[in-house]
Amino acid sequence: MAHQAHSYHMVDPSPWPIFGATAALLTTSGLIMWFHYNSLYLLTLGLLSMFLVMIQWWRDIVRESTFQGHHTPTVQKGLRYGMILFITSEAFFFLGFFWAFFHSSLAPTPELGAQWPPTGINPLNPLEVPLLNTAILLASGVTVTWAHHSITESNRKQAIHALSLTIILGFYFTALQAMEYHEASFSIADGVYGSTFFVATGFHGLHVIIGSSFLTVCLLRLIKFHFTTNHHFGFEAAAWYWHFVDVIWLFLYMSIYWWGS
């Protein structure tokens with residue numbers, strides 16, 4: 001930073017935002033093709049493109065922060081504010097799904113049989129797989145906090161152990177959710193109940209996959225000695241995001257699975 005008289009990071013031009021946006025367009029278009037035409041080609045291309053962009057964008061950020069020293073305290077403060085605002089926007093994103101659910105369930109229309117769950121819908125038992133998933137996510141919240149405390153106390157071995165456990169629990173949750181979707185007696189096409197259930201829980205599941213990927217990158221960085229006791233915002237951001245995913249699941253469980261059944 002000796003060549004400039006301020007502590008801000010002047011970011012170099014990057015191709016990844018436009019490539020990432022293109023990959024997102026391919027992925028969402030691929031989802032439509034999969035839903036309507038049962039074709040996975042475009043979705044596969046979109047996901048592969050997204051994966052490649054993610055790897056290279058993360059590589060650039062790691063290079064700028066860890067090896068070039070661009071992430072000064074001023075930059076880290078800005079990143080913290082950015083992550084807080086991002087998580088706030090995500091909370092409002094999920095608020096829309098909860099609004100749709102309660103709008104439909106608190107005053108069911110005659111088309112739904114004037115009852116909730118609607119006529120013909122056999123809801124999932126909230127005391128079976130959903131309760132197990134709740135326990136898994138709560139346990140993962142404990143392990144990610146354990147990892148954070150281990151990093152701040154310079155206990156690298158425990159940090160790696162705790163973070164590995166968190167990632168395993170995250171992927172276990174995803175596997176159970178996929179199994180639950182496969183065994184559900186209703187689909188996304190089964191009226192407003194199917195739509196709100198699968199869109200809300202599906203987007204939450206997507207956030208779990210994103211969070212698990214985020215934590216996996218943090219684990220690789222931890223193994224490569226990228227984090228210190230006072231410079232590990234990449235991990236902090238991932239932990240904040242993971243706790244947010246936990247809280248959203250608790251609201252989903254209590255409203256859609258438990259109250260809504």
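Each residue, glycine too, has its Cβ placed from N, Cα and C.
In Swiss-Prot, His36 shares a side of the membrane with Leu127.
Sequence-distant contacts of the transmembrane segment (41-66) (same chain, at least 6 residues past either end, Cβ-Cβ under 8 Å): 9, 14, 16, 19-20, 22-31, 33-34, 213, 217, 221, 226, 234. Below 8 A, the CB atoms of the transmembrane segment (233-256) and the transmembrane segment (129-152) form 3+ pairs separated by six or more positions in the chain.
Helix, strand and coil residue tallies for the topological domain 'Mitochondrial matrix' (1-15), in that order: 0 helix, 0 strand, 15 coil [DSSP].
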